[in-house]
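Annotated transmembrane segment per TrEMBL: A:6-25, A:32-56, A:71-90, A:117-135, A:155-179, A:186-203, A:209-230, in sequence order.
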Amino acid sequence: MTAAVFFGCAFIAFGPAFSLFIFTIAKDPLRVIILIAGAFFWLVSLLLSSLVWFIATKATNAQDLTLQKNLLIFGSIFSVILQEVFRFAYYRLLRKANEGLAAISEEDGPALSVREMAYVAGLGFGIMSGAFSMINTLSDSLGPGTVGMFGDSQYYFITSALMTLALTLLHTFWGVVFFEGCERKRWWVIAVVLCLHLMVFSLSLLNPFYVGSILPVYAIMLLMAVWAFFSSGGSLHNITLLWTCRKSNTETSS
Amino acid sequence: MVLESSKWVMFIVCWLFKNVSCNSVAQKIYVELNNTVPCVRLLNATHQIGCQSSISGDTGVIHVLESEADLEWPLSKGPNPPYMVLLESSLFTKSIMMKMKNASSRVAGVVVVPKTSLPEFSPHTTCPNENTGVYTETYDHNLAHCNTTVWNPRGNGLSYEEFDFPVFSLKEDNETEIIKQCYFDHNRVVNGSGLQYPLCAMQLFSHMYAVTDTATCMRRSSIDFSSFPVKVCEPLGGYNVLAFIRPYNSTAFGHKENESVVIAAARLDSRAFFLEDSAGAEGSVSGFVTLLAAAQALREATQEAPPTRNILFAFFNGEVFDYIGSSRMVYDMKNNKFVIDLDNVHSILEIGQVAVRSGTNLFLHSDPVSRRNNTVHDEVTNLVKNLQSSTAGLNFSFVETGFSQPLPPSSFQRFLRARAIPGIVLADHQTAFNNRYYESFYDNAAHLNLTYPSNLSPEEQLEFVTDTAKSLTEVATAVARALFKQAGGNNSQVNNINADPKTVTQMLYGFLVRSNNSWFQAVMAPELKDVLQPNPPWYYVGVAKLSHQANALTYLVQYLLANLTGTATNLTQSQCKKPDELPNESTYMYSYFWVQGVVPPNSTQRESFCIRTAVRLAKAVSPAFVLGDYVSKEYSTWTESQWKFIKARIFLVASRDLEMLTLGVGVAVLFTSLLVTYFVSTKADVLFSVVREPNNAAY
């Protein structure tokens, strides 16, 4: 549409990821490395799954639209499964590489705990996934026109940005929960993450019925936020501690 | 930039996925309009005319204009300026365009849809080429600036106005339907209630590089910054097509002793408001087709019994833009750069607009000022006598106009500027033009009543002799006979000189209906067959190309004239390329063209052959560019601006409120996330209790 929409959508889609990066990742070079490597793993999974989809579409009739749509759905499901497989592969890689990371880190002992790695890896997946979802749409939002000539909704850009935001945060939370589950050998966690990922994908198929797709996705995101909070060592006790700490701080300072 | 590289990635991915339609978001937004004709900017020594868009295109909400009163909506009442006004050609009038020009802050551009025609419309000026003809203040004060006769009274001068918004013309009907559908779906005002966003809008790109005038843009073009100098504007020009009956050695320039030449001239080019849409049926085609037919009629008679004087058939290009072709020829003659000079010119007969008669007479225009000299007057009277006696047995006659009337705009005026040469201009109008559509895109085949019975195939239409063709044939016969007599030919041969109506009707079909027909294909060279299209050729002279390339019209006239006046030889194709190796052939005297030839009925191979002809092309670029005098008042200084790309597209625009809402939400999300993340990260040790692993050292 215009610069206003471009910046608005860019901030919506990448604002949280950007702030997470600045405040938690940018200072530690090791975290940056794990973030980039995580993004790369996601990218490879997308590449392999898109290869499968590409071969499938080339091998079939390009004019048959329902077939192409079904192939797209099949390709996306395959991509979701492959993303989780690569997440698991990244977990294994990080566990194995812990020794090497310890060697190059400045502190003694383990450089990063598994939880930190989980969070960073999840964020890496999220950023790359968000970038691939949103950059193309963002670049077209700079022009003077908006979507709608062929019957699409005019809220296309803002809902794409909201969806990207949700997906980025979801990938982060899934990363935390997933690694924790693998660490504790709770394999059902992996299955639940996979199912939730597939559910989010199928909700996105409901577009342009945005009420039916965005609201449930945000509900799932809040659920995952709570789960990730608890699985990374948080608890209600800590929250109350925080609150009283603040209260006592304000009392002492005043 | 990240966006550009990702756009490139998407582009490459899309290109790879060519068979599957790439669902880029841009495809959901924009509909590109492919068949558009823009109005471009032309400059001369003092002005710039035409249209300009801003460098990133002009966007406006589409409004389909229904009548002149409806102009209130885009100009004052409408709540969402700027507007892109869509007009049918019947509303494309000077008053509407000037109203929009005056309110140009609310008008983003104009799109014209050619449909019904007006009863009369001429966007040219009322006095064409008034400053570069012979009638200046010094020549004759009473005749200057069309004081006696206004030649084009219907002229509204629209082509010479300057607009600071783009004006486009749509060619196809499919695209117009899409635009109108979009307008009716989104932009219609429903009973006084406000318009609902999103609205249908159009963006036009036609940014022109040149500004102000020719001197400025030529100066800017000559700055040599890099190895790829950017040309800001290019001079207009092309080629004149010339053919002598008895050719001279083409390398021997200057005066030829004891040679006297009669020049038979006609104009090739024409224009319209949208330069690519120029038709010029009555304005130029009627004249040069008649001259081509006369050249064919004279061929046998002049070969059997060559007349005393030579005859030069001259087809001048660029005449609409201040006589580019004829001024260059006169300049070359004066400076010994042409095979003859002005002393060799005996008289001139020019064929003007001859197809729309208002009676059975054609008029002979002459210049009253030069006729004050007795010798010139006697020669002109002699020429008039030859012309009038040539119509014996034909269905029309030549009538002289009054003495005090000046010449209409014609190439002959440029010769008169140099020397008082006797001459006549033939025209179908006695005073003002009969042409209601002078230099406009309505001056097409329909204007000449070129109608064919509906059940004919294109090839049959090519052969069908229309009434227009019959009347032009008679004119051509009279012209040929008059030229023969004027050149001192034997009077007994005169009645054998007849123009061929079949040739004339085939030429009219090829030049006004469809240039890709079997006769034109037979006449053209094999390497030029792409010049033939299913439409008529362009009549706009265009920019002078650096290489020896001419435009389609020039090639067509060149090869037609070669076919009609040349002789077929039995040289082979390789001999045709290098005829000097043969004893009797000489490229100094003749040109040799290898032409495709006809397809005989029982085979598929064309019978190509080599034609030897005296036809030559002479460069027709204004002497102002040769002399480097870009502010010349003497010669044409017209240039055309260069541009990068010209395109048009339609899309929907969203309301400002939605855009601001998106920006607001974005900024809010960004700030909230920054605050929350900062807060959580500083309190992370409190919020997330670390579980001490029992075996640290293993890591």
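Here the Cβ of each residue, glycine as well, is placed from N, Cα and C on the backbone.
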Quick one: find which recorded stretch in A:32-56, A:71-90, A:155-179, A:186-203, A:209-230 has the most Cβ pairs under 8 Å with the transmembrane segment (A:6-25).
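Answer is A:155-179, with the largest number of Cβ pairs below 8 Å.
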Sequence-remote contacts (6 or more beyond its ends) of the transmembrane segment (A:186-203), Cβ cut-off under 8 Å?
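For the transmembrane segment (A:186-203), the nonlocal Cβ contacts are 76-77, 80-81, 83-84, 88, 166-167, 170, 174, 177-178, 180, 212-213, 216-217, 220, 224.
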Could you pull out which residues elsewhere in the chain have a CB under 8 Å from any CB of the transmembrane segment (A:155-179), counting only those six or more residues past its ends?
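Those are 1, 5, 8-10, 12-17, 20, 38, 84, 87-88, 91, 114-115, 117-119, 121-123, 125-127, 129-130, 133-134, 137, 141, 146-148, 189-190, 193, 196-197, 200, 204, 207-208, 210, 213-214, 217-218, 220-221, 224-225, 227-228, 231-232, in sequence order.
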Can you name the far-off residues of the same chain, 6+ from the ends of the transmembrane segment (A:209-230), with a Cβ under 8 Å from a Cβ of it?
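Contacts of the transmembrane segment (A:209-230) (Cβ under 8 Å, skipping residues fewer than 6 from its ends): 153, 155, 159, 162-163, 166, 169-170, 172-174, 176-177, 196, 199-200, 203.
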